[in-house]
Each structure stands twice: as structure tokens, then as C-alpha cells.
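Undergrad: Sharing the feature lines straight out of TrEMBL:
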| type | residues | note |
| --- | --- | --- |
| ACT_SITE | Glu108 | active site, proton acceptor |
| DOMAIN | 114-357 | domain 'Radical SAM core' |
| BINDING | Cys128, Cys132, Cys135 | [4Fe-4S] cluster binding site |
| BINDING | Gly183, Glu184, Ser217, Ser240, Leu241, His242, Asn319 | S-adenosyl-L-methionine binding site |
| ACT_SITE | Cys362 | active site, S-methylcysteine intermediate |
Amino acid sequence: MTTPLPLVFDAPRRGMPPRHLADLDSQERKAVVEELGLPKFRADQIARQYYGRLVADPEQMTDLPEAMRAKVAEALFPTLLTEIRHIECDDGTTRKSLWRANDGTLLESVLMRYPDRNTLCISSQAGCGMACPFCATGQGGLNRNLSTAEIVDQVRAAAAALRDGEVAGGPGRLSNIVFMGMGEPLANYKRVVNAVRRITSPSPEGFGISQRSVTVSTVGLAPAIRKLADEDMSVRLAVSLHTPDDELRDTLVPVNNRWPVAEVLDAARYYADKSGRRVSIEYALIRDINDHGWRADMLGKKLHKALGPLVHVNLIPLNPTPGSKWDASPKPVQDEFVRRVQAQGVTCTVRDTRGQEIAAACGQLAAEG
Ligand code: SAH
């Protein structure tokens, strides 16, 4: 069953970049290669270069005849993202990159190395239209949707940098992707789903990162959560809830006025049932705003009722954003909050947040050139 989505989910292609290989599925890419007058087998060969060897410049595709490379470059490899700069912290194991798209649009991605995994936090939109008052991206408004290839190329660039030993800690492999950078992924639905397919399919269709290692995070667009469940991909779903009551959530996550808490949790349950996976509930803990003991009780109760064991709460101590007077809750309040959620039979942990000092942490991405 697929639910028709309101128009807001698929804005027209206005201002989108030129077509790139990563926008295309295997049939489309074969069609383009044939239009160029090349034999069909070249399509997979080129895709293997991009997804398998992480090469985005046909001049470096040495298995293509030289005469062919310029033609392929023009038709399939416009330069989509140019790195303007990157900044690092945590001894170089957290690295934020600022990218310029070819129309001048700015966006950011953040790479984080951990002992057991390498995670890239990617953007799905330049800016964000959801207007959550505690998030720097939301304060800047939506610039535009990113194309599938602009999303996918963030992944290629990071995977190549890791492989080539450009990131502290020695050569490594990109293992996890989180759609927790700029933007609301489910408001750019089709392009995000296509990007997930490219990220998770094996070469030559994609990078072959396990679906289980990909997380899509949403403010809670309930119909889109259901639609995603029906795609039958086993990616992890994260829902940014931030409070269990509609009264406060209407102000913290304005889209709650359209899809209130009960509807979001119903959709999350549907997702958990279809995917067989636990849903993560994201909760930025804000001093004196949403950190009360009674809210922890209510959160635990509502989640237990809606999702049973198929839920996990991630508390994120609020990261400061420019112009906001809000800050994180004191440690004892945070500890008590965790205890009370757990007392309702719901697992709850505090996220180790990275990148605050380089404005790379959750809610701090503003892509200021
Ligand atoms: N729009 C999606 C994807 C962004 S993910 C979503 O909201 O889920 C970014 C995560 O960081 C979300 O859970 C968001 O609520 C959270 N966040 C935003 N601002 C924050 C801040 N100032 N401190 C901590 N977390 C924040």
C-alpha cells in the first residue's frame, strides 16, 4: 500500500543541478550510454569506477579509451560539489566539510571516526523548512532540495578520503551513514529514497553499505514514514520527538501542528512492524523546557504503549546555537530523566555528541561560507 503524499514532499526540479550518473538507475544509465553511441557494457564499467573505485573524474577512468572520456564527463559527471574547506576537532577524528554546489548553494557533511565504525552525517537539503527553534539549520530556512547525486556524492567523497588515508587514524572504510545533516530527508522523499538505494546496493549499482547501517532521521512526517516503511528497506528510522506532549511539541517542532505526537508514534509503530527494527527516538534535552520529571514519565509511558520493545530513546544534550538562549540540562537532571524513562521499560541512553567546538554537532549546521 502506498499513501499519496501531499505536494510539499516533491518540489519541482527548479534549480536542480545537471544530471549526474548517481541520479540514474541501471536502465537509465544504459540508455544514456547508448545515446552517446557507446556500447552498453560501458555503462556498468563507468558505474564500477564511481561506486567501486570512488572515482568521479572520467579522466582518471583508465579503462575507458581516452577519446571517450570527455564525452562521458560531459554527459554524466558534472562537478556537483566542490569542497570549500574542512575543519576538524577531536584530534582530527571529527571533520566537517563545507561544500559548494554548482549553483553556489552551500551545504555541510560531518565525518566521525569511532573505534568500531566510521560514520558520515549527510545533508538531504540545503537549509531546512521545518523551522525548529532550537536548530541552527531550521533558523536559516530552506534553500533547496539536494539532488540524488548531490546526496550520494557526499558519501563518495568521504569514502574516498577515508580510503586514501586523508583522515586522522589511518586508511579506513566508511561503514555508517546518518541522514542527520542539513534538511528534512522525508521532505525530499524521492531523491532521498533513491540515494539510499545507491548507498546500499552493491557495486555497480551502489556503494554496498549495509542497509542496517543507514539511519534516516525525521521530524515526524507521518505519511512519509509509512511510505518509507512500504519501500521495504531495512534502514533505521530515527524520529525527532523532543517532547511527548502536543502543547510543547507544537512550538519545538512546528510540523507537529499537522501530524501530532499520536500520529507520529502510530507511523513509527508501522515502520517498526514492517522493518522489524527498533525505532530511535531523538530527544534534545533543553534546560527547563522539556527536561521535567513528569515529561520523562509521560515519554516512557507513551513510547512503551505505542512501540513496546521496538523503541530506543537517544537523549542529546542540547548543543548551543547562535541567537538562542536555551542550553543543555544540568547533569543530575539528565540522569534523572534517563532513570525515569527506563523505569517505564524503555531503553534510554545519552548520545556522545561530537563536534560542538567546530559547530558540527546536531543542530549546528548552518553552512556559513
Ligand atoms: N530534520 C531531521 C534531520 C536532522 S537530524 C530531523 O529533525 O530529524 C538532526 C538531529 O539533531 C535531530 O534529531 C534534531 O532534532 C537534533 N537537533 C537539532 N538541533 C539540535 C541542537 N541544538 N542540539 C541537539 N540536537 C539538535
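Heads up, the Cβ atoms here are built off N, Cα and C, so glycines get one too.
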Undergrad: Within 10 Å of the Cβ of Cys128 ([4Fe-4S] cluster binding site), how many other Cβ atoms can you find? Include all protein chains, please.
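TA: If we count other Cβ atoms within 10 Å of Cys128 ([4Fe-4S] cluster binding site), we arrive at 25.
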Undergrad: What kind of secondary structure is the residue listed as 'active site, proton acceptor' part of, going by DSSP in three states?
TA: strand
Undergrad: Where the distance is taken from Cα to Cα, which of the recorded positions Glu108, Cys132, Cys135, Cys362 turns out closest to Leu241 (S-adenosyl-L-methionine binding site)?
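TA: Spatially nearest to Leu241 (S-adenosyl-L-methionine binding site) by Cα position is Cys132.
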Undergrad: Find the shortest Cα-Cα separation between Cys135 ([4Fe-4S] cluster binding site) and the recorded positions Glu184, His242, Cys362, and name the residue that gives it.
TA: Cys362
Undergrad: The domain 'Radical SAM core' (114-357): mean pLDDT?
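TA: Averaging the confidence scores along the domain 'Radical SAM core' (114-357) gives 97.
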Undergrad: I'd like to know which of these recorded positions, Cys132, Cys135, Leu241, Cys362, is least surrounded, judged by other CB atoms within 10 A.
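TA: Among the recorded positions Cys132, Cys135, Leu241, Cys362, the lowest count of other Cβ atoms within 10 Å belongs to Cys132.
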Undergrad: Find, for the listed binding-site residues Ser217, His242, the residue with the lowest Cβ contact count at a 10 Å cut-off, counting only other Cβ atoms.
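TA: Among the binding-site residues Ser217, His242, the sparsest Cβ neighbourhood within 10 Å belongs to Ser217.
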Undergrad: Could you give the Cα-Cα distance between Ser240 (S-adenosyl-L-methionine binding site) and Cys132 ([4Fe-4S] cluster binding site), in whole Å?
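TA: Cys132 ([4Fe-4S] cluster binding site) has its Cα 11 Å from the Cα of Ser240 (S-adenosyl-L-methionine binding site).
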Undergrad: So what sits near Gly183 (S-adenosyl-L-methionine binding site) in its own chain, CB-to-CB under 8 Å and at least six residues off in sequence?
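TA: Gly183 (S-adenosyl-L-methionine binding site) has long-range Cβ partners Ser123, Ser124, Gln125, Ala126, Gly127, Cys128, Thr137, Leu142, Asn145, Leu146.
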Undergrad: Counting all other Cβ atoms within 10 Å across every protein chain shown, which of the recorded positions Glu108, Glu184 scores highest?
TA: Glu184
Undergrad: Using the alpha carbons only, what distance in Å do you get between Asn319 (S-adenosyl-L-methionine binding site) and the residue listed as 'active site, proton acceptor' once rounded?
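TA: Between the Cα atoms of Asn319 (S-adenosyl-L-methionine binding site) and the residue listed as 'active site, proton acceptor', the distance comes to 17 Å.
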Undergrad: Please identify which of Ser240, Asn319 has the densest Cβ environment, defined as other Cβ atoms within 10 Å, among these binding-site residues.
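TA: Comparing the binding-site residues Ser240, Asn319, the most crowded Cβ belongs to Ser240.
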